[in-house]
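Annotated in TrEMBL:
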type	residues	note
COMPBIAS	284-296	compositional bias 'Acidic residues'
DOMAIN	130-225	domain 'TELO2 ARM repeat'
DOMAIN	314-422	domain 'Telomere length regulation protein conserved'
REGION	249-296	region 'Disordered'
């Protein structure tokens with residue numbers, strides 16, 4: 001550091017220009033990594049150095065101001081140091097004000113939590129800058145509560161804005177909270193609605209956490225909002241931002257000091273009272289009377305040999321229907337729910353006689369008792385009924401999906417059952433025993449009687465095999481019996497009814513409107529059904545219908561729906577043979593390829609961009625295979 005003797009004035013313009021030129025060319029870390037810690041130390045106790053630093057930044061040209069200010073914000077060791085280095089630059093310089101209050105907070109979202117704490121802490125440390133802090137909070141709340149921003153911005157940006165809001169709230173004083181209470185309440189109500197309407201669990205949880213924090217800030221004495229959600233590292237970090245942790249000077253203390261402090265913290269008790277505390281506590285009169293009237297003197301019955309009465313589950317399907325619809329015996333009802341799946345699979349002929357009626361009962365079945373795993377038991381029974389009699393039951397379920405008077409939960413249950421049953425029907429059935437197992441069973445099995453002499457070569461081979469040390473034997477595999485794909489003949493019954501009426505709103509159900517969560521589940525279900533229909537007769541017709549469906553919804557605002565649409569494209573490319581794709585859907589594939597390129601470049605959701613890129617790679621691989629043929 002050079003000093004100018006004689007009290008002469010000097011201009012900082014040249015140094016400011018050099019600093020700005022270096023930062024704008026991407027050398028912020030190299031120069032500011034050395035300069036900022038040095039200036040932070042010098043300005044800690046010397047106001048002259050503070051004025052020098054302020055003058056240095058005042059002389060930076062506007063075209064370089066963003067790089068310099070951003071470098072200082074990222075490199076400063078804390079909000080106090082940043083306040084000493086920048087002073088009131090954001091109040092005097094419009095470019096610096098735009099960078100700090102707009103660009104870093106609303107237009108970018110890649111900065112760390114420490115940078116946000118430095119920046120917003122800097123705005124809160126001086127009275128001229130606190131007006132900017134309140135304005136920043138209002139603009140952040142407007143963005144957070146905007147339904148358009150929630151739909152079109154990535155989850156990472158929503159998390160970034162939520163962190164900034166909570167840090168701003170932590171810096172507000174009580175009079176400031178009361179002055180903007182109405183704005184906070186309005187933003188909270190609008191924002192939590194937008195976030196709870198989202199299909200992404202992360203965004204819904206963000207809305208809950210931020211709404212709880214705002215509610216606790218504006219209602220310090222009255223009731224506050226409280227949501228039920230699973231806490232993870234992200235939510236714990238968000239809640240910690242609402243509490244300021246000022247740096248404390250830790251002074252080492254001796255054990256004697258600690259004992260003195262603990263003794264001082266305890267109330268003064270006379271010696272007689274200390275002795276009385278060690279004795280048995282004296283109970284009030286009411287408690288002593290209750291003890292005299294208690295039943296502790298009674299001898300308990302010996303129940304060690306008692307056995308729990310086991311309720312016998314019904315043996316016939318029709319008996320199960322009677323129990324599930326009209327029985328008041330709770331124990332029998334519970335035993336029926338537990339045994340229904342195995343009973344259906346053991347009696348397929350009897351199940352087919354009442355399959356639709358049983359499917360209807362299970363779809364409307366509600367939990368009477370607190371039975372463990374009730375939802376899973378009911379779902380497994382539904383899947384069993386659907387796999388035993390797929391055509392009539394699938395017709396019933398797909399028709400009920402678009403019917404009135406069903407809850408969203410029931411409609412999503414229908415989709416889950418269809419997917420699980422289709423997966424079970426499409427999987428090959430394994431029969432027979434394992435061919436070999438390395439270390440669990442002996443390799444040599446001697447045949448009884450004289451038959452061993454006939455198979456001497458097999459016995460020798462088994463002995464050689466048992467003595468041979470192998471480093472990689474591979475996994476045990478089952479002897480597969482050739483069995484037809486049972487999903488082949490019923491794929492159309494699962495698929496086409498679901499895709500027919502998606503654009504027809506009902507009184508209580510609108511897939512293209514507010515029920516986009518169910519639309520997302522429907523799109524993902526269609527993608528799975530398309531993937532499971534590989535090598536089936538109807539796969540080409542399903543592919544054409546699915547491509548038209550995707551093309552109609554490709555610009556949907558919900559990212560969960562768009563992810564499902566891109567999954568549909570992947571399933572189509574993997575299931576439909578390449579020759580049929582090019583023969584029947586050439587123009588549609590070219591348009592789809594152009595749309596996928598736009599998604600890779602412009603979609604705000606990272607998962608959508610990855611899926612679109614994977615689809616483009618699949619298309620390129622199919623093209624190469626056909627060229628090779």
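For all residues, glycine too, the Cβ spot is worked out from N, Cα and C.
Break the domain 'TELO2 ARM repeat' (130-225) down by DSSP state and the numbers are 78 helix, 0 strand, 18 coil. Across the domain 'Telomere length regulation protein conserved' (314-422), DSSP assigns 85 helix, 0 strand, 24 coil. On the 0 to 100 pLDDT scale, the domain 'Telomere length regulation protein conserved' (314-422) averages 90 in the predicted structure.
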